[in-house]
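Below is one structure, written out as structure tokens; the observations come after it.
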Amino acid sequence: MSLRIYNTLSRALEEFSPLEPGHVRMYVCGMTVYDLCHLGHARSMIAFDVVQRWLRASGLAVTYVRNITDIDDKIIKRAVENGETIRSLTDRMIDALHQDADALGIERPTHEPRATAYVPQMLDMIGTLQGKGLAYQAGNGDVNYAVRKFPGYGKLSGKSLDELNAGERVAVQDGKHDPLDFVLWKSAKPEEPADVKWRSPFGEGRPGWHIECSAMGCALLGESFDIHGGGADLQFPHHENEIAQSEGATGKPFARLWMHNGFINVDNEKMSKSLGNFFTIRDVLKEYDAETVRFFVVRSHYRSPLNYSNVHLDDARAALKRLYTALSLVAPAPVEVDWAEGYAARFKAAMDEDFGTPEAVAVLFDLAGEVNRSKSPAAAGLLKALGGHLGLLQADPQDFLKAGAGLDEAAIQAQIAARATAKAAKNFAEADRIRNDLLAQGIVLKDSASGTTWEAAQ
């Protein structure tokens, strides 16, 4: 196949072919469910939703795993603050995650494992690492990974052990052999709730964050699989540590190809909960429709930083309306996409070059221009079909164009009827007043031989 993907591990674009012919196995790091998802999470979920959609469009079967971290220091802290159990908090946040993802048109992954369901697999991997001399139990009861015992550490991030400033990056804890060593199993603390403690050969405790993804990835996709993805902030240390754990345990390459999506920035800083500069998906959806938010994300390349502002979202909304306006001119005909021809070939070439959504979106606008000129049902059908591979343009055009108007449908139709009555009575001043009043409320009237229709102003 002709698909090329940027591999963070090799720092190069690589021709992609799955390890198992015709079947792609992909793991993407998901949410830590202690709070509502913010727009940065949406960016990652949308990016890899587009990836899996295009892999399927390319004729490949896809097993897509996106995990849920449902045990973590932040989760414990929030549950204690709220006076609720870990399970109550995480169940509630997972429900909210699903509602937000569904609203944004993000397809469900094949598997969505909760970390707490895979503790036995984590303990097995920790035992294997300890048996190979790659892990040790410290005096405080924690089991740590001995980073300097794994020769390949740093190959994903491009950092050598000598270059890493452990004092800045890793909290030095009692019992570590080296400041860079990281925890695989955290021993239980007396003050911690009972529902965050598991029995183990190492004593009561809970898994570290990094071992969770290694164990779930191997359990669901095998010891070696095709693609591992996540946000750029996970490249180091999380993904670096996953490689050390998984390859240390199995002796095999973990993921063949590593993909990382860029940040969403606010005032040139990464949007994050820790910085307090984040907007939840729900906050944004109070102001903008879900497809506009998705389009805002998709029209930038997944590896590029994306700057959040109302101006950029307003522009995304106006641009998306131009595409829907073209689709409103003629009913799209069902089409069988010929990927070797014209617009479809250009769209495919864009997507086959590291999921080049900006170029693919440019093809959609060129095709919309063709629809505007030709009023061709086939061209409109192709526009809708190509947009669907990005999770776009599947709504009813009239419904989309009317969305966001200040009045409800019945009130607008009453005004249109009153204007028609005024025009019939040759009271053109009153007809113009009604048109202008509606325009002031963001509603544009369009007269034609078949009557008057309306849409929200751009």
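Note: Cβ is positioned from N, Cα and C throughout, glycine not excepted.
Annotation source Swiss-Prot lists Zn(2+) binding site at C29, C213, H238, E242, citing sequence analysis. Using a 10 Å Cβ-Cβ cutoff, E242 (Zn(2+) binding site) registers 27 neighbours.
For the motif ''HIGH' region' (31-41), the model's pLDDT averages out at 95. Taken from Swiss-Prot, the feature motif ''HIGH' region' covers 31-41.
As annotated by Swiss-Prot, motif ''KMSKS' region' applies to 270-274. Note on the motif ''KMSKS' region' (270-274): DSSP counts are 0 helix, 1 strand, 4 coil.
Annotation source Swiss-Prot lists ATP binding site at K273, citing sequence analysis.
C29 (Zn(2+) binding site) falls within neither a helix nor a strand when secondary structure is assigned with DSSP, and so counts as coil. What surrounds the Zn(2+) site, by Cβ distance within 8 Å of the Cβ centroid and not counting C29, C213, H238, E242, is the set W209, H210, E212, S214, H228, G230, L234, H239, N241 from the same chain. Most other Cβ atoms within 10 A: among the binding-site residues C29, C213, that distinction falls to C213.
Counting Cβ atoms from all protein chains shown, H238 (Zn(2+) binding site) has 17 others lying within 10 Å of its own Cβ.
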